[in-house]
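Residues or ranges marked as signal peptide by Swiss-Prot: 1-19. The feature 4-carboxyglutamate is assigned by Swiss-Prot to 21, 56, 60, 67, 71. The phosphoserine annotation in Swiss-Prot covers 22, 25, 28. As annotated by Swiss-Prot, domain 'Gla' applies to 51-97. Sequence annotations record features per position, and here Swiss-Prot assigns disulfide bond to 73-79 based on sequence analysis.
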């Protein structure tokens, strides 16, 4: 009985130590995580924004075939479900390649 009481007190002490919330963990609540648009736009200069948009356009134009197939499959719910089980390549072959052969 005495060992059970000692074990309970020890467990309560461990829980209290692990659940203790220090002052450092409260710092994130003090600062507002949202900033206004004017301050948000100061992070990137217009030149950097233009470069980022240009790079994104290049990436969109030069996507590999498997990425295009995956995007087509993501837009069709049945294909997406089939892909979760058998993979995107098998799902694309089942739902889109057969249609092209039939036409």
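Note: Cβ is positioned from N, Cα and C throughout, glycine not excepted.
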Among all protein chains shown, how many Cβ atoms are found within 10 Å of the Cβ of residue 56 (4-carboxyglutamate), not counting that one? 10
From the Cα of residue 67 (4-carboxyglutamate) across to the Cα of residue 60 (4-carboxyglutamate), what is the distance in angstrom? 10
Have a look at the modified residues (60, 67, 71) and report the one with the fewest Cβ neighbours inside 10 Å. 60
When the domain 'Gla' (51-97) is classified with DSSP, how many of its residues are helical, how many are strand and how many are coil? 42 helix, 0 strand, 5 coil
For residue 79 (disulfide bond), nearby residues of its own chain (Cβ under 8 Å, 6 or more apart in sequence): 72, 73, 91, 92, 94, 95, 96
Quick one: pull the CA-CA distance for residue 56 (4-carboxyglutamate) versus residue 67 (4-carboxyglutamate), whole Å only. 15
